[in-house]
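Notes follow the structure.
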């Protein structure tokens, strides 16, 4: 579309140097001075202790603290876990000691036994089952934490927030321990296995106090036992440059490989200085995104003119300079683009109209003018930042340069100062007059649709949105309904009531009165409203069970093909008549788990993909609303949305009384949000690199042109990069996203986002500038696409393999210069990679097998995740869990800043207290969990007389109590934070099975679910694979 030509001819700022910290090298916690092997040496106390000493207190000077572990759900009726089961840990990494000289299969050392007591050995009948991945002969030591960083770089308290403490309630379990009971609060009977007795831990706890340490076996790796060693040499880290260097990236000195690694080490110690402890740290958990949203690292002043990351996020902001370096980066290298994302608060994308000069573009690569171009020859020429071509400056655009080479009118030129701008396109960017906003509704009126109440909700919602549809007074509208026949509606403005025309010939479909089926809304408003008022009762006595969906789809295409627009499909019954009819194919259990399993997740009939291609060609975007309590083959129906830039909304077992509000809200947003019509998008990048693959909901028109008939702020697209040249010689690479579209007001516009990133020669720099949000966004799309050609297990394994390879190569960076022993190290930027990788493997598109997720639900979740922007995807993978009963009892009347009132909790059953009230929010739904010992007053205030009823039959509504009003305000605040979906509220009480299981417990991603490890075991498994030789 237009003239978008398909052919195509370093350093973030850091804080000032922190105080020097002298580390010590012992690889296990320091013990009192009379412990064997302790050889005191003279050393100067470090200038800063708060960032370094965070281990458990040991030796004779420890205080009388007693580590405690809350029982499961913190239920007083459940026996407490012995304190000896708490893993002592400290330092910037977790350590799991193993025997120094293993001679055979050894048990995993995860727990300490009480002093003066033999290790606990349960009867064989009560031993828990051993996960399959623990079947190795020896488990290596698994310390965990941030990678060691420079000896003169002080960690912030946020960097230490995930360092485990002695009272960490969900510490690493024993070798054969099952992490969590599948039904919290209930006794689990495990199969009997034989297990060798656990080894004695070097940390011993007594009831009521810390006991003096007993002699412990020597750790397997100790370079200087009990002594301090000199820190490694420190090189200037990546990004530590002068201000002048920041402003001139080309002048930066490249950082060497091995020499530039030392700054990643903060300390090699895993214990505190004897007799000291920092009580200011609260590090009870492994890395989790509980405090704030995951944001990409800032590249600093040198790249301050980049577009906002919400529009364009790179998987790493340090681009490799060679194929050899890229081959060592095992994570995706690419970008996530959301071209119409909501701008930051208080900002707007400037709209520019170059009437006199025309839009300034490079004559060779067609790059749009942007902040990174440079002017030369006294302002008469400008150099393209993408291809380096010198272009003439049009006379009307000319301005003199000042002494620094900047244009004197720079402050009046937003396109030269801002990374995101929008140009009004002249007529040469049009192949036809801009289309009007057009909404066409294809509605199933079979008996199931009538009985569910779907038709009534849809009709009411469309009528309520007529005043808010974009593009008034140009907006066009039309309707077709169908069951076993096709029903057209003449809504000519001269009529007082719509005329219904029925076509029963499904094999040779034709369009009666083609000129009057699409009407101008402002002219035919009365007729449209009369139709919507009568639609619910029009088919209320219908007993038709059939669905001629395929024929109705062709009819809608014939009506819309002249103009294009948005087609909204409301489908309740599996297509059973005419072209495109489908059959039940998900019930054959023999297919599941075999190489033929993936065929169930792709369209059965090529008709739907061909129709999607035709829709895209004629600028028609399709959104599918699917309602059914039976199998309807979302894999086939969703193809229509996938290839037209659309969206799939899935409402299983829809009933208007329970789900009507969710449908009403989401349909309202779909109809009223600003939409870009008949759009195409291209992303350009500098010489030597190119985008090779694209992932999301769109149709690829050429090698790099994405066709998007209708796009909005809730759609994002992922793409992967490759290098075209063996070695890149430039210092910086530039990216420019251009979206050519028709606005609802009738203007043809071009939205342009430009960003720059440094080119690096060091793998460590790539890791330091990695963006976990963009990486997971690309990785999830790749994994979901893999399920369409392979087994689910293969897709999950591919995710885990990438994580293992990435952490192994990062570990290898330090293996030459430093003795890492059994530590698990990772870059700070990727500390959440294992957690999000685990959450992805447990998401609906990838989780389990046939019995774990319904086939339609799995396919619908896959279509949804393929289109989500980064933040919404991360929230779906690792949802929020809040405890709210304390706030309801004591909170203020206003909820201005929700994060200041209630904090997020880890997604594990140990976070649930049977005396509490919790909200689970994944962005698509709420689950309100009532503990079985929750105060009856709280339940009565929230639910009234229904508090004692089964909660599956109770609907949460605002009552005339202050507590109820506070809860509704919290839910409203959470919904306002992300209006793209409406979180329907579902209530569940602890112990209500199976609802508690499938609504909440299976979504606690840190617990062991469906044969997939919990978070701790997942970390152990990954680390074990990282340590294995390739």
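The backbone N, Cα and C atoms fix where each Cβ goes, and this holds for glycine too.
TrEMBL labels come from automatic prediction, so no person has curated them.
Values in this document were obtained by computation on a predicted structure and should not be read as measured data.
Sequence annotations record features per position, and here TrEMBL assigns region 'Disordered' to 1-76 (among others).
Summarising the annotation, TrEMBL assigns compositional bias 'Low complexity' to 40-51 (among others).
Taken from TrEMBL, the feature region 'Disordered' applies to 97-160 (among others).
Taken from TrEMBL, the feature compositional bias 'Polar residues' covers 123-138.
Annotation source TrEMBL lists compositional bias 'Low complexity' at 139-151 (among others).
Long-range contacts of the domain 'Zinc finger Sec23/Sec24-type' (359-397) within its own chain (CB-CB distance under 8 A, at least 6 residues past either end) are made by residues 4-5, 8-9, 305, 405-407, 415-419, 423, 425-426, 684-687, 734, 736, 738, 750, 752, 754, 756. For 359-397, the entry in TrEMBL reads domain 'Zinc finger Sec23/Sec24-type'.
Residues belonging to the domain 'Sec23/Sec24 trunk' (434-670) score a mean pLDDT of 93 in the model. Taken from TrEMBL, the feature domain 'Sec23/Sec24 trunk' covers 434-670.
Feature annotation from TrEMBL assigns domain 'Sec23/Sec24 beta-sandwich' to 676-759.
As annotated by TrEMBL, domain 'Sec23/Sec24 helical' applies to 771-874.
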Helix, strand and coil residue totals from DSSP for the domain 'Zinc finger Sec23/Sec24-type' (359-397) stand at 6 helix, 11 strand, 22 coil
Reduced to three DSSP states, the domain 'Sec23/Sec24 beta-sandwich' (676-759) has 0 helix, 56 strand, 28 coil
